[in-house]
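Colleague: The annotation transmembrane segment is assigned in TrEMBL to 20-44, 56-74, 86-105, 111-132, 144-167. Look at TrEMBL and you will find 20-196 tagged as domain 'Major facilitator superfamily (MFS) profile'.
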Amino acid sequence: MSQAVELLESTTNRKLELGIIALSGAGVFLDGYDLFILSIALILLKPYFDLSAPQISALSSAALLGAVFGSVLFGNAADKLGRRKLFLLDLLFFVAFAVASAFSQNLFELVVFRFLLGVGIGADYPVSSSYVAEFVRADRRGRAIASVFAFQGLGVLCAIAVGLFFLPMGRGSLALDVTFWCSARGHSAYAENQIT
């Protein structure tokens, strides 16, 4: 049995490994973007929706609370349902609720959609890391998983850049829509690459 594992480990396709690392990293990049972009968008959302401190807290914590549920629910389901199926389901959450967040008409909708987006974010962490661990050779596995999660920092930096670019537009909803729409478009592009 160990000879079969050694043979499999030695013949792993490097191009496949890099593709899986890149796609998993893209998902984690979007996680970082989504979790951070709200901090910037709150500058515009507070006067736009006339938010109180408790409302800001609810909005700020919605995606994080959703991520807790998503990681627990989908982390356990990954082994039962299969990582590929769960990866695609995770993408549907990403795309649907990133778009829904961009078009929220009121605070309640935005909190609900951000919570559900958070469920997708939480699902992405265990699914991405186990997907990478499954396909990357053992001698490169730790580096590969660390590389995937380094993309989260890049997502945060991208959110900062988007915020710096669009915040000067002011209070108008165009700046809000564009800020959230960047997330939605990123998720749909990511989904297109995953499905094909």
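Numbers run from 1 along the shown chain.
Glycine residues also receive a Cβ, built from the backbone N, Cα and C atoms like all the rest.
Bear in mind that TrEMBL entries carry predicted annotations, made automatically and left uncurated.
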Colleague: Check the transmembrane segment (56-74) against each of 86-105, 111-132, 144-167 and return whichever range has the most CB pairs under 8 Å.
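Modeller: Counting Cβ pairs under 8 Å, the winner is 111-132.
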Colleague: In the same chain, which residue numbers or ranges, 6 or more beyond the ends of the transmembrane segment (144-167), come under 8 angstroms Cβ to Cβ?
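Modeller: Beyond its ends, the transmembrane segment (144-167) has Cβ neighbours at 17, 21, 24-26, 28-37, 39-41, 43-44, 128-129, 132-133, 136, 175, 178-179, 182.
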